[in-house]
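Accompanying notes for the structure given below.
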Amino acid sequence: MAKPLIIPAQSMSFSLSWRDYFEMTKPKVVALMLLTVLVGMCLALPGAVPLQPLVFGMLGIAMMAGSAAAFNHLIDRRIDGLMARTYNRPLPKGKLSVNKAFSFAFSLGVLGFVLLYWWVNPLTAWLTFASLIGYAVVYTAYLKRATPQNIVIGGLAGAMPPLLGWTAVTNELHGNALLLVIIIFTWTPPHFWALAIHRKAEYAKVDIPMLPVTHGVEFTKTCILLYTFLLALACLLPVLVGMSGPVYLVGSSILSCGFIYKAWQLKYQDEPGLAMKVFKFSIYHLMLLFVVLLVDHYLWG
């Protein structure tokens with residue numbers, strides 16, 4: 001008779017801890033962010049991206065983004081425990097202590113900064129550090145609790161990744177990279193406001209002044225619709241300056257029309273769960289938009 005498989009308690013504990021630390025880095029969010037970093041790198045150069053800034057740049061930026069996410073978990077641990085979307089996170093569940101979580105977040109950020117500073121360039125290291133502070137401190141610790149415009153103002157930190165990718169391979173700021181920042185900056189409010197509509201009661205419960213809580217759902221739906229039009233214009237900027245060609249023009253136009261249509265549905269159709277559908281669509285919108293940017297660069301550029 002086969003003996004039952006017995007996993008030592010210590011091994012199980014290590015496995016669970018590893019998963020908890022990994023969850024704190026918000027891997028799905030970081031993965032989408034790294035796509036925009038990669039596209040920023042590729043668009044900055046006419047040919048192939050050099051291996052060193054590609055590998056160390058992606059790794060260092062990912063580590064600092066994971067650090068920012070972990071600090072977000074730390075700062076929001078009280079309200080996370082009261083919201084259905086986040087109550088199962090490691091800190092509210094007591095799977096990790098505050099000290100361990102802080103040590104992890106701090107160490108990950110320091111290692112990422114050192115990696116970028118020494119093996120990529122100081123400019124990228126400092127810009128990534130500024131993004132970390134912008135998200136973890138300015139947005140999470142202050143803006144999120146202070147104003148319904150938290151997403152609009154704080155969105156700048158989350159819009160930086162393509163610029164970081166650009167500077168990682170060029171060691172300089174460029175106007176074209178800023179256009180990519182503008183696109184993500186404009187995309188952020190309708191993306192998060194759709195989620196905020198879906199989770200309005202939870203945000204109200206923990207006194208977070210998201211726009212649907214302070215100004216109502218209908219006003220927020222109007223803002224989402226208006227922002228999708230603004231985003232459509234922002235998405236045309238790479239074409240207007242000659243940075244991208246017809247492949248991107250067609251692809252981005254289709255995606256923009258899709259987002260506007262979804263926002264129009266949200267505003268004028270009373271369909272349960274539609275806000276969450278808009279939120280999910282916005283993720284695919286950004287992902288596909290940057291893929292189209294990349295395809296256009298190598299086919300047309």
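Glycine is no exception: its Cβ is also placed from the backbone N, Cα and C atoms.
Features of the protein shown, as given by Swiss-Prot:
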TRANSMEM  29-49  transmembrane segment
TRANSMEM  51-71  transmembrane segment
TRANSMEM  101-121  transmembrane segment
TRANSMEM  123-143  transmembrane segment
TRANSMEM  150-170  transmembrane segment
TRANSMEM  177-197  transmembrane segment
TRANSMEM  223-243  transmembrane segment
TRANSMEM  244-264  transmembrane segment
TRANSMEM  281-301  transmembrane segment
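Beyond the ends of the transmembrane segment (51-71), by six or more residues, the same chain brings 24-27, 29-30, 33-34, 37-38, 41, 101, 104-106, 108-109, 111-113, 115-116, 119-121, 124-125, 128-129, 131-132, 135-137, 140, 161, 164-165, 168-169 to within a C-beta distance below 8 angstroms of the stretch. Across 101-121, 123-143, 177-197, 281-301, stretch 177-197 shows the highest tally of CB pairs under 8 A with the transmembrane segment (223-243). For the transmembrane segment (244-264), the list of distant contacts is 190, 221, 224-225, 227-229, 231-232, 235-236, 238, 277-278, 281-282, 285, 288-289, 292-293, 295-297, 299-301: same-chain residues at least six beyond its ends, Cβ to Cβ under 8 Å.
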